Amino acid sequence: MNFKLIRNFAIISHIDHGKSTLSDRLMEETKTVSDREMTPQLLDSMGVEQAHGVTVKSRTVQNTYRAKDGQDYQLNLIDTPGHVDFNYEVTKSLSATDGVILLVDATQGVQAQTVANWRLAHELGLPILPVLNKIDAASAQIDESEEQIRQLDPALAERKIYHISAKTGLGIADLLEAIVHELPAPVGDENSPLKALVFDSEYDAFQGVIAQVRVIDGTLKKGAALQLMANGQKLLAKEVGIYRPNRVPVDELTAGEVGYVVTGIKDPKQVTVGDTLTSQNQPTKTALPGYQQSQPVVYAGIYPVDDYNALQEALQKLALNDTSLVLTDEQSEAMGPGFRAAFLGIFHLQIIKERLETEFGIEVVVTAPNVSYRVQVAQKGQDIQTVTVTNPTKFPDFDQILAVEEPVVKATIMTPSDSVNQLMKLADDYRGIFMDMGNQGDYVRLVYQMPLSEIAYDFFNQLKSLSHGYASFSTEAIGYQEADLVKVDVQVNYAQVDALAFVTHRSRVAEQTQQLVHELKMTIPRRLYPMPVQALVEGRVVARVDVPPLRKNAAVNGQARSISKKQALLRRQSANKRQAAQSDIELPQAVFNALLSLK
Ligand code: GTP
């Protein structure tokens, strides 16, 4: 393929600004998919993507477009997710493109993820084609949105901003011409040894790992003997092809093209994204720079409600296609065998839980998520050690702890000015430290340093509700910082329930433990006898409540027995029941949700 006729681009935007709908229109206009095959948000093919109306995984599609100059161009578009949790998908996609469409919803203007994603593209030096979407909507604010885009990126000050409606198709023909004329063709050398970037991978039960590649130099031919440069893994290109949007085999991919290689490798760990693929016979000398692995943000335990083996199989299958889902075995006294999983965020966790339920029919209990902590411990006769703890049950004993550090982020909030006061109070409540403030068009930009654990859970919902849906935010990891954190243990009926332990800031202990024991009183399944629920910090009980019995105790009711007989009966009864009960406390999902709802 003549690479002057190729355009590789990604569509980036804030969540819901219309990327998937624009991809639909581009595929329709270029007849990549027929009218009959066209369904809204066609690339969001996963059940969870349709259920939430969001993109979770990037998708690549090759379109052929006959431009007004009479030439047929190959337009390789990558639809990326907008949700913060899946930013890593955006990073991967951008490394395979030569330019981006920055899509902004004209009814909302520039939002926090617009800024964050623009920054990713800008840092990579990718040319940006600015596009305003949803101009058909009555509430579209075209001038204001244009102004915000120009403020965001001074390089766009003189540029034409394209106006489209991805829904009605308005402006799409002009946009296709702009893609051809304003976005650059790839550069590369067809005659050099093969050098291809593995920017994503998927797993096929029959064919093994299928690597998505962008060929930088040389030609990738079907049947070629290949090699991954990072780990030296050798492979045969069993099949080479393109996405339209389903896989279509071709004989070869040349410099500048984007497509896939069926590697025949059965272990997904052998193929890391960011690696360089080259030929065995004539390898390239230098590998591509690659990029960092995704960093897990939250951790949680996943336990089967009935079948452990089915859960294990399902999770392994999910992990094959989602390399950011990291699993280890976990054994809980209260819950039995299960898994500890690392996620990119709470939304990622929710997506995995839903996929287990809808795609595999497996009901699970997910424990309250936590971040990772760095704990300095001093054991008798030993040097000071720093341990990383991703599971509260593994938190060292308090009398060995010298210091605890938690991950902190730089959080950027964009909000209309009338919500600024409420949001500043919110950030304070979530232990935020004010860093900066400024204007961005009609919006105010607030920058805070915040503990990751504070924003990983319900901060986003609070932000949305206080700003009536208008504020948005993005985060950037900045490292670890010392904090006065303690582990809270929970006992039900005097038995420690490991799966309920959590780590929190000391200033929150009183309020949170009170709230927790009262929530647990409502959610722990009742028994025939009262069960005390208590929270302990550093060995001391800090909150306690009794879960009331299912119904009145038979021994206490009615009949005129002598007091001493009644008491003896009660004593025996409660001793027997406690013994029987300690080992089988039921913990349904509602119990863990109680932990999640803590302020
Ligand atoms: P994520 O992948 O989750 O970030 O979303 P997205 O950016 O792909 O947005 P999507 O295409 O799913 O569109 C979000 C919503 O906006 C859907 O309800 C679309 O129907 C609607 N929408 C998209 N384009 C337009 C448009 O041009 N006009 C109007 N009125 N609505 C649109």
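Just so you know, glycine gets a Cβ as well, placed from its N, Cα and C.
Automatic prediction, not curation, is the source of TrEMBL annotations.
Annotation source TrEMBL lists GTP binding site at ASP16, HIS17, GLY18, LYS19, SER20, THR21, ASN133, LYS134, ILE135, ASP136. Sequence annotations record features per position, and here TrEMBL assigns domain 'Tr-type G' to 4-187.
With a cut-off of under 6 Å between the Cβ and any atom of ligand 1, the binding-site residues GLY18, SER20, ASN133, ILE135 reduce to GLY18, SER20, ASN133. According to its DSSP assignment, ILE135 (GTP binding site) is coil.
The predicted model assigns the domain 'Tr-type G' (4-187) a mean pLDDT of 89. Just so you know, the Cβ of ASP16 (GTP binding site) picks up 18 other Cβ atoms within 10 Å once every protein chain is counted. A coil conformation is recorded for ASP16 (GTP binding site) in the three-state DSSP classification, outside any helix or strand. The GTP-binding residues named in the record, ASP16, HIS17, GLY18, LYS19, SER20, THR21, ASN133, LYS134, ILE135, ASP136, extend over a maximum Cα to Cα distance of 17 Å.
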